[in-house]
Amino acid sequence: MTQAILALSQIEKAFPGVKALDKASLNVYPGRVMALMGENGAGKSTLMKVLTGIYSKDAGSIEYQGQPVSFKGPRDSQLAGISIIHQELNLIPQLTIAENIFLGREMTSPFGRILWDEMHRKADQLLARLNVKHSAKTLLGELSLGEQQMVEIAKALSFESKVIIMDEPTDALTDTETESLFNVINELREQGCGIVYISHRLKEIFEICDDITVLRDGKFIGECRVCDTNEDGLIEMMVGRKLEEQYPRIAAQQGDISLEVIGLTGSGVHDVSFTLKKGEILGVSGLMGAGRTELMKVIYGALPSERGVINLNGRTVNPVSPQDGLANGIAYISEDRKGDGLVLGLSVKENMSLCALDQLSKGVQIRHADEVIAVDDFIRLFNIKTPSREQIIGNLSGGNQQKVAIAKGLMTKPKVLILDEPTRGVDVGAKKEIYQLINQFKAEGMSIILVSSEMPEVLGMSDRILVMHEGRISGEFMASEADQEKLMACAVGRNPAHAA
């Protein structure tokens, strides 16, 4: 194989109480796409932070273009030709697209005047490469989250880097945007650029990558070519064990109807009716923009309803706020755990008990002993990997953050649990643990709504499935009668069906 343009060898990094990297290695080759795989907490992000100078390494070596290097920070590595596209956007909504792309390195004349026309022209060229249909003069805040992600990618391309690291680049992208990104990756590959591609989406790995490096518990497990492995082999490398069944659906005794929605209309939702039983998992499928999240937020009280009826255990309720929804026994775990679900600057304990303070209080005093007992019980039950309940949640891996978000909802002892994209950005090992928790709630008789963009997840975990299209229910199936073709037909509004 060609000599690596970038080689990280035997990297070690320790934090108080944890060894994040233990002889981790990564090779990046010119003109090839290297997938960096591993469960959340495997050390992928830490390794990238060591590379770009955010963290200093305790041991090991980094060679770039055959020379040993040690970068002082992201700016230093970027100027050397190594760019990283983070999962969390590093952009300013109040500035234009062009201003964001060239922030801190504006094009100027010899007299210091900013060359706006030249900047806009260059930015427009970058946007065209990514098939973004906006002028470079557009304010970033006017773009969708997926379009903002494409601007972040355009910013990295503007450095004409020799190595580009993409951390979950398609997480917020539509299928069309993903296709545009893959076209650019192929273009960069042909130009000899080395690319590190970090993703939990195995389908993407086998579609766009050439090589794979796997980390587990901070250790280098192996490097192989994509053509020499398969999904089962890759999963086994990542988790250290075989996953015999990805979706461990269980049979459980279903009870009476707990939730009945009749003719519900609200923000992005039109005349929706359905029922949900105790001990049932109701999957909700559909394409981006179909109204799935809007429907859940109307039921929960985060978005207003215009008309319709919501009955909970035979009693009509009308949640007008999230607090109202919680008080009525409805818990909603947001698809955006970092935006809506968690406060990243607070501890695990503070996040977990945030919505249950009424239950944990006597008068105006929080019963701290009861709070600690409840939080510790959930940490143990959910196998949350954290040094302590006082750990700042922003320091946890994505999978452990998601477990805390779910525990936060369960602390309120809900009758109905709504899980919106519960495994988004979560590795395969943590997914399995979350599925097992969902099954446990189901076995205990809880009513669960599972909203997911991953059709295999909906098919594998649900007892019954609703499909949404343009704010309406376009199909309903028993899981045993559904398949991806039927769900997709309903999702695009081509074949409305009601098989349940």
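Counting starts with 1 at the first residue shown.
Cβ atoms here come from the backbone N, Cα and C positions, even for glycine.
Per Swiss-Prot, these features apply:
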BINDING   G38, E39, N40, G41, A42, G43, K44, S45  ATP binding site
DOMAIN    6-242  domain 'ABC transporter 1'
DOMAIN    252-495  domain 'ABC transporter 2'
C-beta crowding around E39 (ATP binding site), within 10 angstroms: 25
In the chain carrying G41 (ATP binding site), residues 6 or more apart in sequence that have Cβ under 8 angstroms from it: D217, K385, S397, G399, N400
Neighbour tally for G38 (ATP binding site), based on other Cβ positions within 10 Å of its Cβ: 27
For the domain 'ABC transporter 2' (252-495), mean pLDDT (0 to 100): 89
Sparsest-packed among the binding-site residues, when each Cβ's other Cβ atoms within 10 Å are tallied, from G43, S45: S45
Neighbour count (Cβ, 10 Å) for A42 (ATP binding site): 26
Those residues of the chain, 6+ apart, with a Cβ under 8 Å from that of K44 (ATP binding site): L36, M37, G38, I198, L215
